[in-house]
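Worksheet: the structure to be examined is printed underneath.
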């Protein structure tokens, strides 16, 4: 074999869809092509787990099911046996052909539709009653939020994720893995852990363990009538350093600059004159003192450090929070973040002091100034958001 061919075979370079044994080697029936781990191709081989995933969706004979990443069809076939139709969305054309071949010549073939493409890049996910997936790790968050953003989301989703990600989905206030993702997903849906899945149940086996989670999106009157970008904007600030107090988080210079800018826009759009006399002299004095003492306050906010469960892994997770949001939710947030980094021309103007006074008034009146984001539940964040809106403070 030429040296170049040997190097390509050893490194796994080139087209990730290259067949094994293309140079005359004998291919087996159980491994007709190379699975690409970078594409999240870890095929579930345990039939018992495939059965459990479909069973936990409680499918009806009238249901339309969307399956993301069907692979070779182990879960697909079981869903076809119970549902009216299965729409399998697959990025890899080889896998799409494999799942089609799996039911070819059987009554199930008429109930299967295969769509080749990237589900995240699709303008809309096909309407469905249930969503199931052995989810490729790199689209875990985007898939969840794309589903929740649907005008009529499915009744239920049964999804398999890497174990740490699944734990973050079901984490509760005070848990080590409680994060912005935890609050966001459970604000728009209910999440329940179903079962653990060991890595030996996959081919090829991944490096980490997996869990199955059942998600039921809130619909109708139960669905919150709040813009996602606004709620997430609040959470983004609160969880920027979840072990700091909310007072410290909302008194960061970048946050204050953003809020001042948004407050001016709010006043302009609502024809509200920015009357700098609205804030009392005491409020302005207090805000001014806060401005001078803020950096000291931030540095000194390390009390109860031994009880904060604040380690390197936790910090890394917080820094990765931006990866939880898909592109169609992140664009506005990224634009806001860029604006927030632009320093105010006059950071100690009366308008800036008014905005700071409003922020601290809300934090004090809600009783949340000294709480940390990891201790707050959905009601705390909603109370905070409502109070900020009443003061004309917005986050998107």
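Each residue, glycine too, has its Cβ placed from N, Cα and C.
Quick look at what TrEMBL lists:
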BINDING   42, 44, 69, 90, 118, 134  S-adenosyl-L-methionine binding site
DOMAIN    49-219  domain 'Ribosomal RNA adenine methylase transferase N-terminal'
REGION    1-25  region 'Disordered'
REGION    296-324  region 'Disordered'
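Features recorded in TrEMBL, as mapped to the structure shown.
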residue : record                               : Cβ neighbours (10 Å)
42      : S-adenosyl-L-methionine binding site : 24
44      : S-adenosyl-L-methionine binding site : 19
69      : S-adenosyl-L-methionine binding site : 25
90      : S-adenosyl-L-methionine binding site : 25
118     : S-adenosyl-L-methionine binding site : 11
134     : S-adenosyl-L-methionine binding site : 26
Across the domain 'Ribosomal RNA adenine methylase transferase N-terminal' (49-219) the predicted model averages a pLDDT of 96
Span of 42, 44, 69, 90, 118, 134 as binders of S-adenosyl-L-methionine, largest Cα separation rounded to whole Å, comes out at 20
